[in-house]
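Noted in TrEMBL for the protein shown:
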ACT_SITE  D153  active site, charge relay system
ACT_SITE  H228  active site, charge relay system
ACT_SITE  S440  active site, charge relay system
DOMAIN    31-116  domain 'Inhibitor I9'
DOMAIN    180-364  domain 'Peptidase S8/S53'
SIGNAL    1-27  signal peptide
Amino acid sequence: MSSSIFQLIISSFLVCIFFLQVQPSYGIGKSYVVYLGAHSHGLNPSSADLDYATNSHYSLLSSILGSHERAKDAIFYSYNRHINGFAAILEEKEAEELARNPNVVSVSLNKMHQLHTTRSWEFLGLEGNRILPKYSIWEKARYGDDTIIGNLDTGVWPESQSFSDQGMSPIPSKWRGNGICQIDNFIDSNKTYCNRKLIGARFFYKGYEAYAGKLGASFYTARDTIGHGSHTLSTAGGNFVQGVSVLGNGNGTAKGGSPKARVAAYKVCWLHGCNDADILAGFEAAISDGVDVLSVSLGGKTKNLFTDSVAIGSFHAVANGIVVVSSAGNDGPYFGTVVNTAPWLFTVAASTIDRDFTSYVKLGDNTYIKGTSLSSKDLPSREFYPLISAKEAKHFYVLSREAKFCRHGTLDVEKVMGKIVVCLEDELFGIANAGEEASSAGA
């Protein structure tokens, strides 16, 4: 009896091994953007046109994946209005096979792009010494009255005074955003943060999640938790805000280039950057909503216009009569560092800056070291404070390569207290965060 049981166990084990060996092996899917060019349905598609376009995407992909259901599961964005294409999870071989289809313009990985970062109006001749010149273009353009500016960025902080609708007339009838204001809807779906100034806010996250993993539910909002989008949107179309300064510096009235314009935020960027699939979805929505101008302060190093989401999205925006203004990047002044070079873009950059908030550190041998500071406070002139590098001020268990940037939790309070800490600048952590960390440790 025991021998029979043993033989049965061995037989079952061998059968399991056999089935394990014959199971098909699947690769690990990645997110791709598939670009097909323009739609045939024109500028004002019907619902039937949109359904037809989406189904054509499913049909094309099903010819590769083998079934309509698999194609529907794989596609997480179908660009069915102005940009013809889709974003999907594919294996490398599937993407390569799809790229060989004669109806496909390009297939590219869903890449991550980085954000780009105010004497601007004086430089442009719109004002001088806070006085409006007689022939200022601002007057001729009526301060951008009723122009609709869309912004592809990290969203918007609606409570900012730059987005107050004080003095604004009713929303122009040309706006087709249909009251979509996706700010904190997971908290209170009945409250709206938009008004006659901030007339729309949307967010696009599926490309980021396909690239980096799931976001928490609290992230599903167009609210700007980084600050970059609020900065760029207010620079383009922020309302007049009097009595503004940064720690007492740069006192005056803050305003955007078109202070009477309407603004709409399209959140396509998250903590670590902006993905191609979301950027294209943002362009699609902005074109459909009826913006007049699009501001795009982001970009990557893609040289191929057929795989560059900013180039593709802006091409279709311009084809619909929208002016697209983009940034040239943050990587200069070296050769070949300008980005967003498609010929239909207005690409803007500053190679130098004529503003400096100078501060000096005096050493014991009367040597002065020039630096920059926004602090209005001075240290007592007759007192001296020891210098210590962040690497020397670290906790014993912290790596030097982490501590040198004064990253969170790296500094030992006993070593730092009462001293001047020297931190290196880290692009990811930021020099302001380093300063806060040193200050909280007692520097």
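Cβ coordinates come from backbone N, Cα and C, glycine included.
In TrEMBL, annotation is done automatically, which means it is predicted and not curated.
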Stretch-averaged pLDDT - the domain 'Inhibitor I9' (31-116): 96
Per-state residue totals over the domain 'Inhibitor I9' (31-116) - DSSP helix, strand, coil: 34 helix, 29 strand, 23 coil
Nearest-integer angstrom distance between the alpha carbons (Cα) of H228 (active site, charge relay system) and D153 (active site, charge relay system): 7
Sparsest Cβ surroundings (other CB atoms within 10 Å) among the active-site residues D153, S440: S440
Other CB atoms, at most 10 A from the CB of H228 (active site, charge relay system): 17
